[in-house]
Amino acid sequence: MQTFLAIDIPINMQSKLASQLRLIKEDYPQFSWVPKANFHITIRYFGEVNNVEKLKKKLDLALFDVPAFYLYSQGAGVFIQRRILLHILFQRQKTLEALAEKVDIAAEGVRYSENPPFVPHLTIARYKIPSRQQYLHLKKKLEHLDIDIEFPVDKVVLYQSIFHAQAPEYKQIAEFPLIKD
């Protein structure tokens, strides 16, 4: 079972973000845009996990004392891997960094080996690698994109990825509440 741990984007922020992305989506219709219902911030991708119950127990123990916190967007950008990923960055903060580190430690031996260092982001679109000129044009457009969302994080969610031709489906496996003040 393909799994990952994520922060959900509240429904009101999904709509606000979709509205803020409207113009750039019109400029790049050839991109594969993430449906707003699939917006999330991946904390850790685990890949294929055979013993989900064991992973759930490890995460439950690791996250029992993590306090709730707020996330604030910090702009849009591009990651280049096998293809380009358009993303919304979020401000780094101690609570979020500590949460990600606890997850890494808890998932030792379970996690997928190709995880890059944690960068809090929300993938909004994917596309093949563009030409240098297209990339520079896109990067400039993203720098001028006005993204402004913030929301409280009071839980993290373990999901199963189910891959379909159009878009992946994310099925919730477990929820881990964070401590509220």
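The backbone N, Cα and C atoms fix where each Cβ goes, glycine too.
Here's what TrEMBL has on this protein:
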ACT_SITE  His40  active site, proton donor
MOTIF     40-43  motif 'HXTX 1'
ACT_SITE  His121  active site, proton acceptor
MOTIF     121-124  motif 'HXTX 2'
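Distant neighbours of the motif 'HXTX 1' (40-43): 4-9, 71, 90, 99-100, 103, 118, 120-123, 156-157, 159, 170; these residues of the same chain sit at least 6 beyond its ends, with a Cβ under 8 Å from one of its Cβ atoms. With a cut-off of 8 Å between Cβ atoms, the residues of this chain six or more beyond the motif 'HXTX 2' (121-124) that come close are 9, 17, 21, 33-34, 39-42, 76-77, 79, 85-90. On a Cα basis, the residue listed as 'active site, proton donor' lies 8 Å away from His121 (active site, proton acceptor). Here the motif 'HXTX 1' (40-43) has, by DSSP, the following mix of helix, strand and coil residues: 0 helix, 4 strand, 0 coil.
Taken residue by residue, the motif 'HXTX 2' (121-124) breaks down under DSSP into 0 helix, 4 strand, 0 coil.
For His40 (active site, proton donor), other Cβ atoms within 10 Å of its Cβ number 20. Confidence for the motif 'HXTX 2' (121-124), expressed as mean pLDDT, is 96. Around the Cβ of His121 (active site, proton acceptor), the number of neighbouring Cβ atoms within 10 Å comes to 19.
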